[in-house]
Each structure stands twice: as structure tokens, then as C-alpha cells.
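Step one of this worksheet: look at the structure below.
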């Protein structure tokens, strides 16, 4: 009886121990799941903030170039900014021996100093120094992006999808904000302060996982930055790097063509058809008529967001096929920009498809570099491979900037905003006349006899021929001001309306 009682006691003790172990495992699982969720949310927020930062920096660059009349050299400016990013990304590989927080904190201080100096220099009218401050901020953001990309090698594959989805959402929000700010000519102070605030958020979330975290495997031994390791890593990832550069080059070229030609051509076509009585698609949807540029840009970034947020599309390893598809759609869009022969809905579909292929190439190349199963890249080289991936995207942007600087009229400005001259036939404004049309609004205080000459295009280029019955009304035509080829070549559209002239020259 004593033995049976002892066995019963041992059984109860073992059962209690097993119950306690199960509780510990359950608590550990809940903690692991909570940490995993926090990790995914952190990477998503970092991706959103990173894309927003780039959008705000592009806005600041475009605003500075427009303020100091550097619009004709915007391609050269982009080459300089991309070179600063390239130096920062390459320098991060050599600073990996330091603690991650220390160089990141230095980059934060550099970004804040550049933003504050930009505010002072713009008020003091120093154009080149202002661009140097923008370059400093671009290099700081590029350094942060390398910190995030390099840390992805120590996290599960779901972190890559979360980061990619965040960059897509941030690109969509930043693209829309970019169009809105450029159309409203937002002040540089507001843009810089927003950029500083977002950068602080980026670093704050980034510090959560670049330091001590439970997901960093202790067995991961990173390869040192040396010519031998670099050569080995490039030999194994050269196809990924070439396709990432080509994807960014084609995407930048497509966005540059979109910003430079599509919006004003559709408004010009709808404007001329409205006067002639033939109502096209845009006349039936007046919101699209007034916001053609915002519609096209939002469609492109929506395609990027959908592709980068689709976890089911990760793992596509046919990068050559994706690159060929993106090249085909970009070529079709370039032909349409020259000939202008496709309907508006078809153009929207093409722009959306370009964003889809661009987003798919980004997430699949990055996912293939960091995959855990079936990866040809050694574990020690994956961190360096992600750094090379970030550098290759910057190289693609540099190639696009070189094309924008060397071939500013890649797409001939054939159908610019039209006005109606003698006989009611549509006449087209050149870029200089379009800018004079915008500038002549400041001459509103001049007498009517001075502002209105015999030639309707002599002064403002906006006055249609008057008939005796509408001499009291003036039609203010849409105004376009270009800022060169490239992502910043956003026409500022000022749509007018019929107005009654009073005793003064104002409408």
C-alpha cells in the first residue's frame, strides 16, 4: 500500500510538472506571437515612414530648384542627390563593425542639422547650399534604409513582406501628398518639419529591432566587408542586382513621362473638345478633368502598393519575365506619350500595370535574397547581399537621372494646353508661352487696354476672341508651369472659370 501511494504521488507530481511545462510553453508561445506581431507592425511602420521621407525629400528638392531657377538642371541635381545616397549606402557596409545605434544616431543628427540649415539658407537665398542640405538629408535617409535592409537577414521571411507592404503604402500616401504639395506650392518650412518628424519616427521604431531583440539568431555570422567577400557575393547575386537597377530605371522613366506629358495633354484635349461641342470621356467626369495628374499618379502608386502588399505573389523567381513585362508596358506607354493614340481608361490600365510589375520585381528580388529555404546565398553573405540590393536601386535612379539630364526632350511636347485664336481653331502654347501665361496673372492691376492687345497670344495667351455679346466675360484657361523632366516635373494646374467683369480689372 505504501508503494502504491508513492507511485500515485509520483504520478501526481509528474502530472503537475507536465501541466506547469505546458503552461510555460503556452505563455512562451503567446509571448512569441505577440513579439512577432510587434515585429511585423514595426517593419510596416518603418516602410511607410521610409517612403514618406523620400517623397518629402523629392518635394523639397523640387521646391528648391523652382525657387532658385534650377529647373533646367534638374537632371544634374538628381544625379548629385543619387550619388550622395550611393556614398551613404556604401559607407554603411564599412560601419557595420560599430554598434548599430551609434551610426544611426549620427545620421539622425545629420538629417536634423540639414533640415534646419535648409530653412535658414532658403530664407537667405543660397541655392547651392540649400541643395547641399537636401543632399545631406538624402544621404541620411539612405543610411537608415540600409540599416533596415541589412537587419532583414536576421528576421523571418514575413518581415520582408511586412517591410515591402509598408513601403508600398508609404509610396501611395507620399505620391498623393507630393502632387498636392506641388500643386499648392507648399512652403519649404512645412515640408522640412514634416520630414524631420517622420525621420524621428523612423529612427525610433528602427532602434527597437537594430539593438537587442529575440529574433536575431546568435548563430548568424556576418561576413566582413572585404574585396574577397564582396566579389563572392556579387558573383552570386549579379542577376538580382541588374534586374533591380533596370526596374528602378524603367519606373523612374515612366513616372517622368507621366508627369511631363500625360496630364496636360488630356486636359488640353478635353478643353478643346468642350469648346467644339464634342464631349470626350474627361468632360463626363469633371473631377478627372481637373485632377488628371493626381489620377494617373495615384493609379501608378496604387499598382505598386497592391504588388508589394501581396504576400501570395512572393516567391516568383522568373525575374527575367517580370523585367520583360515591365519593359514592354513602359515602351507602350512611351509610344503613347509620343503619338497620343490610346483612350484614357487604357492609359490608366497601362500605368497601373507598370506599377504592378515594378512592385512585383522589388518584393520578389528582396524575398529571394533573404529566403531561408533553397537559398544559394550563404547565411553570412545575406546581410551584404541586401546592402548590394539597396545600392543597385540607387544605381538605377542614377541612370534615369543621367537620361533626364542628357535628353531633356525625350518626349516631344506636341499637345500642350490649347487656346482658341482667330477663326475658333485651337492653338497650342509653347512652354515659354505657358509660363508667361502663368506669370501674367501678376499683371492684373494693369489697365485693361495694356493687358489685352490685338493678338490674343501677345500678352497672356489666355484670352479667346470676343464676340459682341460676351465682351463682359473672360474664360480663364488652365495654366501649366513645368519644372523639367523627371519625377518633379509636375505641372501646376490652375483651372479657371467664367467670371463677370466689374469696374476693376479683377474677376
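Using the three backbone atoms N, Cα and C, a Cβ is placed for every residue, glycine included.
Because TrEMBL annotations are produced automatically, they should be read as predictions rather than curated entries.
These come from TrEMBL:
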type     : residues : note
TRANSMEM : 40-65    : transmembrane segment
TRANSMEM : 77-95    : transmembrane segment
TRANSMEM : 104-122  : transmembrane segment
TRANSMEM : 128-148  : transmembrane segment
TRANSMEM : 160-181  : transmembrane segment
TRANSMEM : 193-217  : transmembrane segment
TRANSMEM : 238-259  : transmembrane segment
TRANSMEM : 287-307  : transmembrane segment
TRANSMEM : 319-342  : transmembrane segment
TRANSMEM : 348-367  : transmembrane segment
TRANSMEM : 387-407  : transmembrane segment
REGION   : 451-473  : region 'Disordered'
COMPBIAS : 462-473  : compositional bias 'Basic and acidic residues'
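Comparison of 40-65, 104-122, 160-181, 238-259, 348-367 by number of C-beta pairs under 8 angstroms to the transmembrane segment (387-407) places 238-259 first. Counting only same-chain residues 6+ beyond the ends of the transmembrane segment (238-259), those with a CB under 8 A from a CB of the stretch are 293, 296-297, 300, 319-320, 322-323, 326-327, 330, 333-334, 337, 351, 354-355, 357-358, 361-362, 365, 368-369, 385, 388-389, 391-393, 395-397, 399-401, 403-404, 410-411, 485-491.
Here the transmembrane segment (40-65) sits apart from the transmembrane segment (348-367); fewer than 3 CB pairs are under 8 Å, leaving out pairs fewer than 6 apart in sequence.
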